[in-house]
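Positions annotated as domain 'NADH:quinone oxidoreductase/Mrp antiporter transmembrane' by TrEMBL: A:131-428. Marked as transmembrane segment by TrEMBL: A:6-25, A:78-100, A:112-131, A:137-153, A:243-262, A:274-293, A:305-327, A:333-364, A:384-401, A:421-449, A:530-549, A:654-671 (among others).
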Amino acid sequence: MNQVGSALSLAFGLAGVGALAGLVAPARWRSLAAGAAIAAVGAAGAAAGFAVVSGTGWQVSLPDLLPLAGVSLSADALAGWFLLLIGGVAAVVGVYTVGYAGRSGHGPASRAALAVLPVFVAAMLLVPVAASVSTFLLAWELMAVTSLLLVLGEHRHSPAVRTAGLWYAAMTQAGFVAVLLGLVWLAAAAGGESFAVIRAAGPGLSPVVAGGVFLLCVAGFASKAGAVPLHPWLPRAHAEAPSHVSALMSAAMVKLGVYGIVRVGFDLLGGGPRWWWLLLGGLGAVSALYGILQAAVATDLKRLLAFSTSENVGLILLGLAAAGLWADAGQPAVAGVALAAALLHAANHAGFKTLLFCGAGSVLRATGTRDLDVLGGLSRRMPATTLLFTVGALGAAALPPGNGFVSEWLLLQALLHRAPAAGTVITVAAPVAVAVVALTAGIGVAAYVKALGTGFLARPRSTAAASAVESPPSMLAGMGLAAVVCAGLAVAPAVSAPALDRIATGLNAGTAPLAGGGVDVRLSGIASTISPLWIAVGVVGLAVGYAAAARALGRTRRRAAAWDCGDGPLTPRMEYTATSFAEPLQRVFDNVLAPEQDVDVTHPAESAYLVRAVQYRRRLPDRVEARLYRPLIAAADTVGRAARLLATGSVHRYLAYMLGALVAVLVAGVIR
Amino acid sequence: MSAWGAAAVQAVLVAAVAPLLIGFMRAVRARLEGRAGGRLVQPWRDLRKQLRKESIIPADAGVFFTAAPVVLLATSVLVAAAAPYLSTRGPLPGVADLIVVVGLLLLGAVALALAGLDTGTAFGGMGASREMTIAALVEPTLLLSVFALSTRSGSTDLGAIVAAGAADTAGAFTPASALAAAALAIATLAEAGRLPVDNPATHLELTMVHEAMVLEYSGRDLALVEWAAAMRLTILLGLLANLFIPWGVATSLHPLAIAVAVVVFVAKLAVLGGLLAAGEVFAAKLRLFRIPELLAGSFVLGLLAVITSAVLA
Amino acid sequence: MTDQLLNLACGLFLLTAIGVLWRRELSALIALLTVQGLALTGIAAVLAVGHSTETMVVAVGVGLLKAGLLPWLLRRVLTQVPGARETAPLVNVSASMLAAAGLVLLAYVAARPLVELAPTAAAQAAPVGIAVVLIGFFLATTRRRAISQIIGVMLIDNGIAAVAFLATGGVPLVVELGVSADLLLAVLVLQVLTTRLHAAFGDTDLDELRELHD
């Protein structure tokens, strides 16, 4: 057992200890015990991941742990990347949980809610190292069930949590069934259930089997990743779950859907024909655009962040699709860049989304609301949280020098590459994809300016926001750690070059995508360069330099009332809210968002020409949900009602059904 | 001359010329409208006056309001130093990337939008909301033009694109580059807040975009914002000039070549600025909700540029 | 040099079609159509140089008809409904532009086999004609005004003519004249129709014709 094995054993052992501690520790110490356990599990997982991406391989087979199939684990560079990502997120969230779920905190501090957390983290760590179909499915289901329990953490307080739990349970199980069918079909076709056997048989599979497996797995994994149109659980679950759980789910768990697609598509099946990747790219493009549009018009801070997760998953899927297409077109170098962009964006998203969900949790703890329309004025009351949220928002908006910018730059580089020999489809798809990424980035900037500007700046628009106080140190420490990681990823993404190289080589999808470490990111096969460090130094250096010079000159500023058009003092009611900020965008994209508006004008009895009151209501329902899922649910409901005729409550009748079924099976066997 | 020296010259030149460009455009416009107009250096005098005055900030504004002018200026200076205005051999190839430049300019706009929201007035919020809507819709056009331009050199490095254009001037005038130039010109109007997207001379609340965001700035802070806004216009027009008319840009760091490049650059700016000012005399501001139509048009131009460059490649 | 001129003419041809989608004023639409007719004449003329006199005659005929007679007739129709604008198209202008972008991409992909058959500069520009046909159909389907719809039909005709010129190097004079005569008839019918519509309803919105059904 090498260091990877020891680190992982330590992680799983600690998870057990943490779960136990969460169950038995007195209420006073419970959040500390659970938080410390999660942080430790995460740190151990991250250490294992770091060792793996640095080149240490590991595999183990435990045939006796489970009946029939046993458990087999192994770690290659791809698994290591996701171990590092999940471990890092868990370590940060663990620190945050100590304060968030603590006595003065806001999150649920019940035994169950805290004891399940370490198990959930351990399950997430188990997924990427699973090396056989049965182990993978087991870990996947364990992750799904524990996350469902965590989403329901605050079910006593609000019915919305119960609805969210129901959506999540239904969709995650449907996704599991799709993955189960796909992987079992694959194992049957390959003649063995261990990934090594499948990998060897993968390229020889018939196109029908490979295509079918790919479709089923993409459906299942994309629903876990929250890609549109398989996303409706995501804005509900992420918004209603306790914030540290939202952070874990959005930053880490969702990425395992991406992992699944990479593992099955590139590794087990060994790449595929063009239509696979065009389909995946279409899914990514729709997710990115629809997700960010919904985020831009959302007024619930956590719903905004959740839809932005759909958007980022869409961008990652676009990167994977580009990698598949370029590999299919015989351009391995560009395929490597696209894959690197997708994986780096997954890491960046994990970084800033952890930070943002924790920031949203701090706001929720301080004010008790997630509604951006009634927030505001937090920058004076919670300066540290505001600063940390700004760092996250800078990354999420993909602006330089934030961390999201580098991966979007990489993605654009992979899409901008021109290879006339690659065929008409790529020539047409590439500019469309570029336009999608650009529009997504543009609206993303608007969405995060809204989140930061209407949520944290100006004056408070409610008493709850006015009475906000800064978060306890452990929450700030957790967010601070995440911010440091974001900053590191932003200025020195080149340090990940060897790891990305190992992954690309291991998957036969391109070689050494990022050449040259140090300050600049150079690409193989594309002649563009970016120096994230110089960008950061330039912007920050010039700004700080100027500010210092101005301070040295000793000119002060005077405060005075803002311009109120000469009509009394300004009130917070006159401020732009999140709704009003997003109104122009909503009107521009009216056809896509289809808002429901109604205006009621009531007249006094004496005359129909006078107006007593005007009532204006607007709702922005999730259109995909309303158009796609409501009919499905209605149909399922109808079938269910019809089936109820079979169940009259008579025991004799039920026994007769069983007898009939048994006889039918036997007769069928005889006839055959 | 070292590459860093050339970059410093370039930054100083852009900073110095920017207010003059504004003054020149105002003068052209005044002449065409039959007015006498101000002197060329009037914007510089205004800046000097404002720089001496005390800054007053709204009672509820926070650190975002005071930081925004500095961030805006920093992004403008960084782009002015890194992009290939005088010489294609910048010291920072990793910053002089077309996508990075687009991102840095957007960062400056975001800083101002946040400052507008930070004032807590309806004007500030209105300007921020409109500015961000327009900025979001401009992005696709910008990046499609980048796509069309990057075909020539196989890279989004501005230095490489301009150098490729300077080496092959005939290749720089193709239908694809004409379409890309048209698309980028419309995007430039929107980014720089010129007519018909925004009217820099208005203070009418129904039509303000940029002016609404900066309404609360005064004194030194206002000077910085106005200076940076002028620099942004110079930066964008300069890029447009050097990307599509790549004559006279120095490909070495010889002082004489740089000196020639300075003269050519100022001449190109004057021509483009004069054309823009003359065009603005005949243009009216579009309604806010007609702007998406304009930008959708520029998007189609950008897409046609990409397709054309693919067909004719 | 010929190739450059051809590219220029084709670019102008496509841009005017997109401009027709973009503008709302019917008078601007007619002006754009005139320019497009000139561009089509240019395409025909460039192809005719050094080929045959018959093609040159066709070019001149096309120029007279498409840049002269048809726009003149349309303008006469327009004088009866002054200041008319396409106020509320079925698909809004921004969405129309995106649709146009999609149609151009489609035309490009669809014409790929054609281009690969004969990789000359003229054949490479053939997708432009197909794109204009598609845009013409789109215009005719989504606009309410009778004049916009006939302009859509004329775009289709121009597009077909352009494809014929570009792909084959010219159309027989008889065919071109026959098609154009049909179009002329259509415009004349439209003129009568618009005048009657205007007299009966005070408007030229074709949706009003539905009332005749009841």
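Any Cβ shown, glycine's included, is placed from N, Cα and C.
Here the transmembrane segment (A:137-153) has long-range neighbours at 66, 71, 107-108, 110, 112-113, 116-117, 119-120, 123-124, 126-127, 130, 161-162, 164-165, 168-169, 172-173, 176, 179-180, 183, 237, 240-242, 245, 248-249, 253, 256, meaning same-chain residues at least 6 beyond its ends whose C-beta is under 8 angstroms from one of its own. Remote same-chain residues near the transmembrane segment (A:274-293) are listed as 211, 214-215, 218, 222, 226-229, 231, 261, 265, 307-325, 328, 425, 429, 432-433, 436-437, 439-440, 443-444, 447, 585, 589, 592-593, 624 (criterion: CB distance under 8 Å, separation of at least six residues from the stretch ends). The list of residues near the transmembrane segment (A:305-327) in space but at least 6 beyond its ends in sequence, with Cβ under 8 angstroms from a Cβ of it, reads 222, 225-228, 231, 234-235, 237-239, 246, 250, 254, 257-258, 261-262, 265-266, 271-272, 274, 276-278, 280-281, 283-292, 294-295, 298, 334-336, 338-339, 341-343, 345-346, 349, 353, 356-357, 360, 396, 408, 410-411, 414-415, 417, 422, 426, 429, 433, 436-437, 440, 444, 447-448, 451, 508-510. Among A:78-100, A:333-364, A:530-549, A:654-671, A:333-364 has the largest number of CB pairs under 8 A with the transmembrane segment (A:384-401).
For the transmembrane segment (A:421-449), same-chain residues at least 6 beyond its ends with a Cβ under 8 Å from one of its own Cβ atoms are 274, 278, 281, 285, 288-289, 292-293, 295-296, 298, 304, 308, 311, 314-315, 318, 322, 325-326, 329-331, 393, 396-399, 408, 411-412, 415, 581-582, 585.
The transmembrane segment (A:78-100) and the transmembrane segment (A:243-262) are in contact, since at least 3 Cβ pairs between them lie under 8 Å (pairs 6 or more apart in sequence). By the Cβ criterion (under 8 Å, sequence separation of 6 or more), the transmembrane segment (A:333-364) is in contact with the transmembrane segment (A:243-262), since 3+ such pairs are found.
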